[in-house]
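Swiss-Prot annotations:
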type: BINDING; residues: R5, K6, S92, M93, R94, Q159; note: substrate binding site
type: BINDING; residues: S61, S62, M63, T64, S92, N120, K189, T219, G269, L270, R271, A290, R291; note: FMN binding site
type: BINDING; residues: E160; note: Mg(2+) binding site
Amino acid sequence: MIENRKEEHIKIAENENVVSEHNFWDDIRIVHRAIPEVDFNDIDTGVKFLGKQFNYPILISSMTGGTETAKIINKNLAMTAEHFKIGMGVGSMRVAVKNKNTADTFSVINDYKIPAKFANIGAPQLVRQDSDSLSDNDIEYIYNLINADFLIVHFNFLQEMVQPEGDRNSKGVIKRLKDIAGSYNVIAKETGSGFSKEDALSLLDAGVKAIDVGGLGGTSFAAIEYYRAQKANDEIKMHTGKAFWNWGIPSPASIKYCSLGEPVIGSGGLRNGLDLAKAIMFGATLGGFARELLKDANTSFDDVKRQMEMIINDLKITMMLTSSRNIDELKHARYITLEPLRSWLEVYK
């Protein structure tokens, strides 16, 4: 069942080492400004994303839904999004179509005033697999379930290749995406492997409004599926999960590749407000956080709130030390890049 798989994903993400071997945000070093000429309390962290005003350039990335544990997590995350006036996504919502009894694990966020809500479906479910693809009515139901402002379509074909229940068809996804983008504000999102420039051009041609890079550097779904396979004693899937543990395009490089005129969300391996600042300096409008919030969200709102306060404090300190009075000025702060990220930035030159 999908619900059981989602519960497994939460437990593994919380309790096992499922991150890639290298975090590429560490390959960016920021030039320090010793004389900032900025007062800390005057720093403006506000940002506008596709017409929506956020107090901070932060998106609570799509994580979960479909189980009672997920309901608790989504509730605490929604309270956090309301408190800080930032955007929030939910996990893949196909389960709510298959089992209407899970709907409240997503719709719980409707109890809170969130500046922007992001519904979420998987790209593999846009085309026929062993079962039917999501219909237009299914997508409308999902979108309306949380009164969404945006529709995330997540691309997770690496995960689909690794997991036993994976959907392996992709032909026709862009055509269907183009149809959907005519009716919804679609955000294309990778889930840990990043988008290339070729991908970004295809997505923008299909009509997506923004790209969430979800690059290599943070949670590896190949790693998560490795641990699932280990529990099931599935030697072949264990081998595949281990082989592709570090597959993908680094998050910072993917931001550069996808910066083609429409907003970019930088996600994949963000750990703190310093990483967030680096994402913005590389061209992102928002930074997406998932793993850093998940465990706290399964505990209490106060724990998530404290974590978010630390992220924001880090961001503001970075802005202070780069003489950035606002987010626009932060985008122009100076930095250097180190290997191995530097080589990735040469790919399209």
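Glycine residues also receive a Cβ, built from the backbone N, Cα and C atoms like all the rest.
Around M63 (FMN binding site), the same-chain residues six or more apart in sequence whose CB sits under 8 Å from its CB are I73, N74, L77, G89, V90, G91, A290, L293, L294, A297, listed in sequence order. The secondary structure of K189 (FMN binding site), as reduced to three states from DSSP, is extended strand. Classification of the residue listed as 'Mg(2+) binding site' by DSSP places it within a helix.
On its own chain, S92 (substrate binding site) has S62, G65, G66, N120, I121, G122, H154 as residues at least 6 apart in sequence with a Cβ closer than 8 Å to its own Cβ. All chains included, 33 other C-beta atoms sit within 10 angstroms of the C-beta of S61 (FMN binding site). Site extent for substrate: the farthest pair of Cα atoms among R5, K6, S92, M93, R94, Q159 sits 17 Å apart. Taking every pair among S61, S62, M63, T64, S92, N120, K189, T219, G269, L270, R271, A290, R291, the residues listed as contacting FMN, the largest Cα to Cα separation comes to 23 Å.
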